[in-house]
Amino acid sequence: MNTYSRLPVMFVSGSGAVLKDNHNNEYLDAVSGIAVCSLGHAHPAIAEAICNQANQLIHTSNLYQVEKQMQLAEKLIALSNMDRVFFSNSGAEANEAALKIARKFGHQKGIERAKVIVMENSFHGRTLATLSATGNEKVHDGFYPLVEGFVRVPYDNVGAIEALSNDPDIVAILVEPVQGEGGVHVPKDGYLKALKTLCEQNDWLLMLDEIQTGIGRTGKWFAHQHEGIVPDVMTLAKALGNGMPIGACLAKGKAAEVFAPGNHGTTFGGNPLACATGIATLHIMETHNFIEHVNTKGQMIVERFKEALKDIAHVVDIRGKGFMIGIQLDHPCGDLVQKALEQNLLINVTRGDTIRLLPPFVIQNQQIDEMIEKVVNLVKNHQAQ
Ligand SMILES: Cc1ncc(COP(=O)(O)O)c(C=O)c1O
């Protein structure tokens, strides 16, 4: 259906940080399929894991024990210090599970019309509940009536949430540790920690949408680990399968005990093929020490952009965490995506005025140089339309 304004290019193969189109042209990929292919394209060990699993078993059902699902859950629990996992096929579905946990958690406390605090400028998906949670009018437009039960506050503003402490219907906060689609907004240090404290004080669930930030993107396995906290609920997707569709909703403590058989389900979620790919992804991340690499290289990339663009008046801000980098201009710059494509570089522009770079973790040093040089030149030469 007519859901995307697609760029005039079709990729047919890839290797590492490079994609090849159907005319044999090569492109440096600084998007990673929107933070999905963190280990790059056609990673041999990922391909091998998929082939081996496909030769063994692709799908049974959640009616039965699923060995690979249990193994991936164990691994995620070990990495996150959480207690239980529900596997889905996408990020939006993982958030749906989180929102259902919040509502049932409230129901168990006698709250019949539970409310979840969500943020301005957020993005949580395109299903009816997740688009309703999303803080973007363009995403809502045409789809009213929205799902009710959300209270919206400004991002990175603890006071705005504190002010809601007297509302007896609130059961949870749903927040991205770094806002991705909203323009790569990194909150002040201590923000998530303060939200965790507020949740403890009010018996709310802290639910972190780590769909874009998780699996190493910000230089920790999960972005909240920069603040040394553990949330009650965390959602993952995107990079968990390096391109194989998989999502996960993790829960801890009381949140992990909310669902009982019959409360939630999925046909495909947690199937052996997706989970075997997830296991391989986490294994490669771990054995190649990509987390530390992203942490140090990410800071270096932001510093280099700041230095190279410091005299450019139309650059409003350069920010990021790990390999999640935003360069905000003082005017719309969506046309830069096409201009970069013409220079064989894939970039993304979000919120109209912010270049978003999400390179794969396997990007080589000379490819980082190429990415920085091309983006800097594009920004320097860009004129407001
Ligand atoms: C923070 C966040 N949450 C949820 C989603 C939705 O994930 P999906 O497109 O897999 O449904 C996205 C996708 O961009 C996202 O960035």
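Any Cβ shown, glycine's included, is placed from N, Cα and C.
The pyridoxal 5'-phosphate binding site annotation in TrEMBL covers Gly91, Ala92, Phe123, Asp209, Glu210, Ile211, Gln212, Thr267. The annotation N(2)-acetyl-L-ornithine binding site is assigned in TrEMBL to Arg126, Thr266. Marked as N6-(pyridoxal phosphate)lysine by TrEMBL: Lys238.
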Among Gln212, Thr266, Thr267, the one of these binding-site residues whose Cβ has the fewest neighbouring Cβ atoms within 10 Å: Thr267
Alpha-carbon distance [Thr266 (N(2)-acetyl-L-ornithine binding site); Gly91 (pyridoxal 5'-phosphate binding site)] in Å: 14
For Asp209 (pyridoxal 5'-phosphate binding site): DSSP state (helix, strand, coil): strand
Binding-site residues compared (Ala92, Ile211) - the one with the fewest other Cβ atoms within 10 Å: Ala92
Lowest local Cβ density among Arg126, Lys238, which the record lists as recorded positions, within 10 Å: Arg126
Neighbouring recorded positions, C-alpha within 10 angstroms of Ile211 (pyridoxal 5'-phosphate binding site) - of Arg126, Lys238, Thr266: Lys238
Distant-in-sequence Cβ neighbours of Glu210 (pyridoxal 5'-phosphate binding site), under 8 Å, six or more positions away: Glu176, Pro177, Phe222, Ala223, His224, Met234, Thr235, Leu236
Minimum Cα separation from Thr266 (N(2)-acetyl-L-ornithine binding site), reported as the residue among binding-site residues Phe123, Asp209, Gln212 that achieves it: Asp209
Cα-to-Cα gap, Arg126 (N(2)-acetyl-L-ornithine binding site) vs Ala92 (pyridoxal 5'-phosphate binding site), nearest whole Å: 7
C-alpha spacing of Lys238 (N6-(pyridoxal phosphate)lysine) relative to Thr267 (pyridoxal 5'-phosphate binding site), in angstrom: 19
